[in-house]
C-alpha cells in the first residue's frame, strides 16, 4: 500500500493534541514518580518508582498520582502538536525529490525540539512544583539521622497521643503562575528554558531520525513511494525510538528538573545555573545521580510516542476534519 497523501497542518495539530491527551492520561503517575525521584538529594523518602507510587497512594490517595496533570492536559495539546507538526514541516522543506538524508532528519528534529520549548518550559515549570509538593510534605515527616538518634520524651500514661499534623494546603497552577508573574515577571515562567532546550533538542535529534528508520524497516518502494508501514510497526517504532532517546537525555532532564524546582527540602542544594548544577550533583551525589528516573522516563516516553505515532497512523485528525467539513 502506498504512503497516504501528506496531512494538512490542522490535521497534524489535531493528531498531536489527541496523542498528547491520551498519552499523558496513561503515563502521568510514572512521570510524577520520575520527578520526585530526581529531586531526592538528602533524605531518601522513596526507594524506587514502585515505592514512590505506593507511598503516594497511601498518603495522598489515588488522585495524588495525578497532581499537576491538569497543567499537562491543558498544555500538552499545543506542545505535542507543535513538536510533531514542526518535525513534519521541516522534513518536507528539507526533502529533495522525496529523499531526506540523515543530516536532514537530524536538523528537522532539532527544529522541532526548538519550537516546542515555547510551550514546554512553562508547562514543565508549573507541573514540577505541583508534582514535588507531595515529596516535600513526606520528607518533613521523615526524621533526620540526628533526630532519630536523639532520645524522645518518656511516654505519658495520662496525656493523650499527639495530634497528627495537618497536611500543608495544596497549591494550584493558577496561584503559582500569579506568584511567579508578580515576583519574577514572565521570565519566572521560563526559568530553566536553557536546560529545557538542552534536553529537548537532542531528544528530537535522536527520536525522529531513529523512528523514521525503524518505521521504514522491511518496507519496499513502489516507484518513488515507499509502502506504508503496518500499525504495529509504527507503534513499536515510536516506543523503541522514544525509550532510547529518553534514556539518552536523562542526565539533561535531571539538571532541568533540579533547576526548575523552586521549593527545596531540608539540606537540599539550590543552583545558580546549568554549570553550577552539573558540578554540584557530580561532587555531592556522584555520576549515578544523573541517571535518576531513567527507567521512569523510558516507561513514560515509550508509550507516549507509541500512542502518538498510532494516532498519526489512524488519521484521527483527518477523520475529525472530514466530519466537520
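Glycine residues also receive a Cβ, built from the backbone N, Cα and C atoms like all the rest.
TrEMBL labels come from automatic prediction, so no person has curated them.
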### Task
Can you dig out which of the ranges 141-174, 175-208, 209-242, 243-276 TrEMBL describes as region 'Disordered'?
141-174
## Note on the structure
Across the repeat 'Solcar' (229-318), DSSP yields 70 helix, 0 strand, 20 coil
### Message
Based on DSSP, tally up the residues of the repeat 'Solcar' (7-93) by helix, strand and coil.
### Response
73 helix, 0 strand, 14 coil
